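Undergrad: Okay, handing you the structure first.
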Amino acid sequence: MGKDRNLSLNSPESIQSVIGDTDIKIAVIAAMWHEKIVRGLIDGATREIVSSGSHAELFRVPGSVELVLACKKLLKTFDAAVALGVILRGETDHNTHIARLVLSGITDVMLALEKPIGIGVLTIDTEQQGLDRSSGDYNAGVNAARAVIRMVRLFR
């Protein structure tokens, strides 16, 4: 019987046993806004990808909206992508519209190309929330990378 493909995203020790040595190529696409937070997401995602035996290549885009087009173009030559960014609440509801646009766009790309995209786009109220979710025990970049690796493996 095949390997168990329903492992929890919260079990880092299991990723190597599920994936092993692979040739998975993953584009890590990160927005440039809120660099300190995004850097934590990048570090977590790339560390997770490399530790699985997969290949990570980093691409930077101006902001979270640009993640959508970058995912679409890069998925022509990559097996999967991890999209990383930060959308910080301001004094208006602009962040809500941007978040919807980005998440809807990424989902549309994923479904159209039938390739997985791990979403590590944080929608936060404060910078501290972003720092908390991009480091330590809960790093959204790590979780996005784990999810995308498992999805690639599921469909191989």
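Yeah, the Cβs are placed from backbone N, Cα and C, and that goes for glycine too.
Dumping what Swiss-Prot says about this protein:
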BINDING   Trp33, Ser64, Val65, Glu66, Val86, Ile87, Leu88, Ile119  5-amino-6-(D-ribitylamino)uracil binding site
BINDING   Glu91, Thr92, Arg133  (2S)-2-hydroxy-3-oxobutyl phosphate binding site
ACT_SITE  His94  active site, proton donor
Undergrad: Going by C-alpha distance, which of the binding-site residues Trp33, Ile119, Arg133 is nearest to the residue listed as 'active site, proton donor'?
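TA: Smallest Cα separation from the residue listed as 'active site, proton donor' among Trp33, Ile119, Arg133: Trp33.
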Undergrad: Over all pairs in Glu91, Thr92, Arg133, the listed (2S)-2-hydroxy-3-oxobutyl phosphate binding residues, work out the largest Cα-Cα distance in Å.
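TA: This binding site's residues have a maximal Cα-Cα distance of 23 Å.
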Undergrad: Of all the binding-site residues given, namely Glu91, Thr92, Arg133, which is spatially nearest to Ile119 (5-amino-6-(D-ribitylamino)uracil binding site) at the Cα level?
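TA: Closest candidate to Ile119 (5-amino-6-(D-ribitylamino)uracil binding site), judged by Cα separation, is Arg133.
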Undergrad: For the recorded positions listed here (His94, Arg133), which one has the lowest count of neighbouring CB atoms within 10 Å of its own CB?
TA: His94
Undergrad: Give me the CA-CA distance between Ile87 (5-amino-6-(D-ribitylamino)uracil binding site) and Arg133 ((2S)-2-hydroxy-3-oxobutyl phosphate binding site), in Å, as a whole number.
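TA: Cα of Ile87 (5-amino-6-(D-ribitylamino)uracil binding site) to Cα of Arg133 ((2S)-2-hydroxy-3-oxobutyl phosphate binding site) measures 13 Å after rounding.
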Undergrad: Reported as an integer number of Å, what is the Cα distance between Trp33 (5-amino-6-(D-ribitylamino)uracil binding site) and Thr92 ((2S)-2-hydroxy-3-oxobutyl phosphate binding site)?
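TA: One finds 18 Å between the Cα atoms of these residues.
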